[in-house]
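> Following this message is one structure expressed as structure tokens.
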């Protein structure tokens, strides 16, 4: 530890990022209660102004939106990152009666860190003793689902996915929604707890929720549900602190990150992860091989199964919800990458490839896969089977190495399912648009509809600094085709470690991609927010336009650059067209004119009817005697 690190006592000094705890404008946190009082599902309610009288003068119902920000945006909750978030799930876990509290950490490395006095000032101060399944028990959501049990977590996500859809319909918020094309997905008109159970039992969806992460607000990942996004955080050997990483977490979930992966490779990985998990209302994923490599000083050849196993237990006892495991990088696939333009670009993939070549043995993650499953089901950690041979350039897309590994991931998925362990599959990468659907179709075929989770894909390689856009295009497409979760890409991709601004930009970009995919799939209720914003735009309700958007701050700032006065917030134009050329203002004038013409036409028509009736009453004679 440096002198500066020794001087910092995080258990005394750590503070929440103040930007992350500000409520959104005109929004309030609401909770929808389930069948028991401790099932309280958070949503964000956006209140709207009334329609102006010259547009018909009506009341606009508030709009509910999916909320990943946890208690951070609830003004009634006091946030103290030194203590962590409130417990959401322990009562549910206790009621199932299949877990036990350990006397302490059981991993060797975890005990070593706990006993290191020098780390006391960096350590999260309120560490609980971990839980583990009782001997012979399986505590995975898939295991419960296959036994016909609807857990509290399943009910929770059903409420969360529905977003009070019936009430929205009754309020007239869904008068219009285009039919979608779901490419064979089975999206119901309403998400029920029983449907959630069926999808998890089938392996088509997962609820990543480690029994040691009771703070998590359950969410679901699957092709028949809302498309989710993941945001990556984590330190490197070159920088960032624990406090900065917690700030990135809270900032990311504010803008809509459904899960967060901690990809730390620098100092104090164990301590950083503890702070992140204790303060996270969303599932946390990791790549355990990164930390295992740090334990052998970065020498891949020195990795051994026993050390990796201890790392899995260490992280499972902290509460990691899903592990990226690169078990599909087999020895026979490595030579297939030799002629690639960019070779092996996955960090985990390159580590395992190097180990395989150095020992000329099969990947130990593959040979010990059943043992990994035993660990996963003891804590309900989900697999995210890593695509270690994903293409790192569009030139390498859909090659033999990539698809060979995908076939192996399908084989491993079926092994995980035999253990009732939840599983999703990671995907590319860099893929031109015309090859994206082939990726999705092959994944569905090889992995039997297990959820797909892709990094983009990036559709072109020519735009360093703008890869959030090159990948957002591919993300929207593959989300439409059936991908369940999209891993965000920031503007710093390939260039450097992202900061807070980069995190926000990446998340907003991917929220757009995910929502566009939901619309295209025809997810029930997906168009509610679009309809509300379009109506506000036509009625020149500027504040409602800002507040209904994914990023109210930026929308308001852009508007105010040229029209900063409050009077401009009720003006019937913006600076793009000005008062005389606003298409929506002109359209309204045309409507008013048409209404007047229609009124004249009605008067004329009534007069003609009266004359016709008089003609008939007078005998229908063309001429009358004078």
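Cβ atoms here come from the backbone N, Cα and C positions, even for glycine.
Found this in Swiss-Prot, in case it helps:
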REGION    1-22  region 'Disordered'
COMPBIAS  10-22  compositional bias 'Polar residues'
BINDING   232, 261, 290, 326, 346, 347, 348, 387, 388, 389, 390, 426, 453  substrate binding site
BINDING   430, 494  Zn(2+) binding site
BINDING   574, 577, 582  [4Fe-4S] cluster binding site
> About how far apart, in whole Å, are the alpha carbons (Cα) of residue 346 (substrate binding site) and residue 430 (Zn(2+) binding site)?
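Between the Cα atoms of residue 346 (substrate binding site) and residue 430 (Zn(2+) binding site), the distance comes to 12 Å.
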> For residue 388 (substrate binding site), which residues of its chain lie six or more apart in sequence with Cβ-Cβ distance below 8 Å?
326, 328, 329, 344, 346, 348, 349, 350, 352, 353, 405
> Tell me which of the binding-site residues 232, 290, 390, 453 ends up closest to residue 430 (Zn(2+) binding site) in space, Cα to Cα.
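Its closest listed neighbour, by Cα, is 390.
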> May I ask you to report the DSSP-based helix, strand or coil state of residue 390 (substrate binding site)?
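Its secondary structure by DSSP: coil.
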> Restricting to the same chain and to sequence separations of six or more, state which residues have a Cβ under 8 Å from that of residue 232 (substrate binding site).
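Same-chain residues close to residue 232 (substrate binding site) (Cβ under 8 Å, separated by 6 or more) are 260, 261, 263, 487, 488, 498.
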> Measuring Cα to Cα, how many Å separate residue 390 (substrate binding site) from residue 494 (Zn(2+) binding site)?
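Spelling it out, the Cα of residue 390 (substrate binding site) and the Cα of residue 494 (Zn(2+) binding site) are 15 Å apart.
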> Using DSSP, break the compositional bias 'Polar residues' (10-22) down into helix, strand and coil residues and give each count.
8 helix, 0 strand, 5 coil
> Return one of helix, strand or coil for residue 346 (substrate binding site), based on DSSP.
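For residue 346 (substrate binding site) - judged by DSSP and reduced to three states - the answer is coil.
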> Widest Cα span across the substrate binders 232, 261, 290, 326, 346, 347, 348, 387, 388, 389, 390, 426, 453, in Å?
20
> Around residue 494 (Zn(2+) binding site), how many other CB atoms lie within 10 A of its CB?
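Step by step: centre on the Cβ of residue 494 (Zn(2+) binding site), count other Cβ atoms within 10 Å, giving 12.
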> Expressed to the nearest Å, what is the distance separating residue 494 (Zn(2+) binding site) and residue 453 (substrate binding site) at their Cα atoms?
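Rounded to the nearest whole number, the Cα-Cα distance is 20 Å.
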> Quiz question: given the binding-site residues 290, 453, which has the greatest number of C-beta atoms lying within 10 angstroms of its own C-beta?
453
